[in-house]
Amino acid sequence: MKIAVLPGDGIGPEIISQAVKVLEALKSEGAKIEMETAPIGGAGYDAAGDPLPEATLKLAREADAVLLGAVGGPQYDTLDRPLRPERGLLRIRKELNLFANLRPALLYPELASASSLKPEVVSGLDLMIVRELTGDVYFGQPRGIETRNGERVGFNTMLYSESEVRRVAHVAFGIAMKRGKKLCSVEKANVLECSELWKEIMIEVAKDYPEVELSHMYVDNAAMQLIRAPKQFDTIVTGNIFGDILSDAASMLSGSIGMLPSASLDEHNKGMYEPIHGSAPDIAGKNLANPLATILSVAMMYRYTFADLATADRIENAVKQVIAKGYRTGDIWTEGTQKVSCSEMGDAVVVAL
């Protein structure tokens, strides 16, 4: 199993180091793992003048899976748009044809008090958001900023093809089948033709999955319902921009964005795995970051790309044990628990494993 390791920027190298510790522990037991590291984002720009250097893309293409830290930092904000770290991330997703983004939001019982919602609203939360990743307004053409009638105008194009919607629908229905057999499709079909097509195709694909109960919700209502009664959801499927916003909102239900992993898959289940949080430049290099989302991303890698459910469960259970023992990085620390550093948390997971 060949893994391309892309630490990226900010806290990326620190959290990736902890995930690599877990992989090394599995390797010491006999797992056939090969890891190679390459720069991406700001680190890619610093090394090669490109947020996605050719050598990094080649490594990612040849690997079975990609493990990514985080990209971005204020020192890159003045670069031309195509050279900014985030563009490297968008490009690698596009180049590897990673069209389905899976973002779980679950709450560990011990962290119920860390959520910004009342414990009774969120305890037992376990939902999955499936976000389409390569279409929509982020990639639609034409786009740009130009002068019209003497003033500047910014424009983007929201666009989905039937095949793009159909393939992410099949992924979402497949995941719903393995979970609670409930799928909620989120769009804005009352005002957007793009969403109208989305909804039509979801209804068509649903015929292939008679066991799954399909419902539909407008995105504004979905945002409200996620806060009002999040446990009504099991699996959500939505487009790129709506998924970007809703999954970040859902992340705070879990107590910390530092707890949540994600997977981005192609049609053969090759994937890129990363925590959903950003590069947190304010705490970079201070050994304060929470590595659990990155470690849980490794569990997702085993679940979806390597189809090794036993190892995925082992990693997830090791994280549960560490949380149950009261170890906490600063973002999830509460009175009466033990505050640990990023590297100490990584060590604790390896011991539990």
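In case you wondered, yes, glycine gets a Cβ from its N, Cα and C as well.
Residues annotated as NAD(+) binding site in Swiss-Prot, with sequence analysis given as evidence: 73-86, 278-290. Residues annotated as substrate binding site in Swiss-Prot, with sequence analysis given as evidence: R93, R103, R131, D220. The feature site 'Important for catalysis' is assigned by Swiss-Prot to Y138, K188, with sequence analysis given as support. Swiss-Prot lists D220, D244, D248 with the feature Mg(2+) binding site, giving sequence analysis as the kind of evidence.
Of the binding-site residues G73, P85, P85 has the largest number of other Cβ atoms within 10 Å of its own Cβ.
Spatial neighbours are here defined as Cα atoms within 10 angstroms of one another, and by that definition R81 (NAD(+) binding site) has no neighbours among the recorded positions R103, R131, K188, D220, D248. Here D248 (Mg(2+) binding site) is compared against the binding-site residues G73, R93, R103, A284, L288, and the shortest C-alpha distance is to R103. Cα-Cα distance from A284 (NAD(+) binding site) to D244 (Mg(2+) binding site): 24 Å (rounded to the nearest whole number).
Applying an 8 A CB threshold to same-chain residues 6+ apart, the list for A280 (NAD(+) binding site) reads G10, I11, A70, A289.
In this structure, the recorded positions under consideration are R103, R131, K188, and the one with the smallest number of other Cβ atoms within 10 Å of its Cβ is K188. Across the fold, the C-alpha of D244 (Mg(2+) binding site) and the C-alpha of D220 (substrate binding site) stand 14 Å from each other. Within 10 Å of the Cβ of R93 (substrate binding site) there are 19 other Cβ atoms, across all protein chains. The two recorded residues, L288 (NAD(+) binding site) and D220 (substrate binding site), show a Cα separation of 35 Å.
Between the alpha carbons (Cα) of D77 (NAD(+) binding site) and R103 (substrate binding site) lies a span of roughly 27 Å. When each of the binding-site residues D220, D244, D248 is scored by how many other Cβ atoms sit within 10 Å of its Cβ, D220 comes out lowest. G73 (NAD(+) binding site) and D220 (substrate binding site) have their C-alpha atoms 31 Å apart, to the nearest angstrom. It is 15 Å from the Cα atom of K188 (site 'Important for catalysis') to that of R131 (substrate binding site). Separating the Cα atoms of R93 (substrate binding site) and Y138 (site 'Important for catalysis') is a whole-number distance of 12 Å. Comparing D220 (substrate binding site) with Y138 (site 'Important for catalysis'), their Cα atoms are 19 Å apart once rounded.
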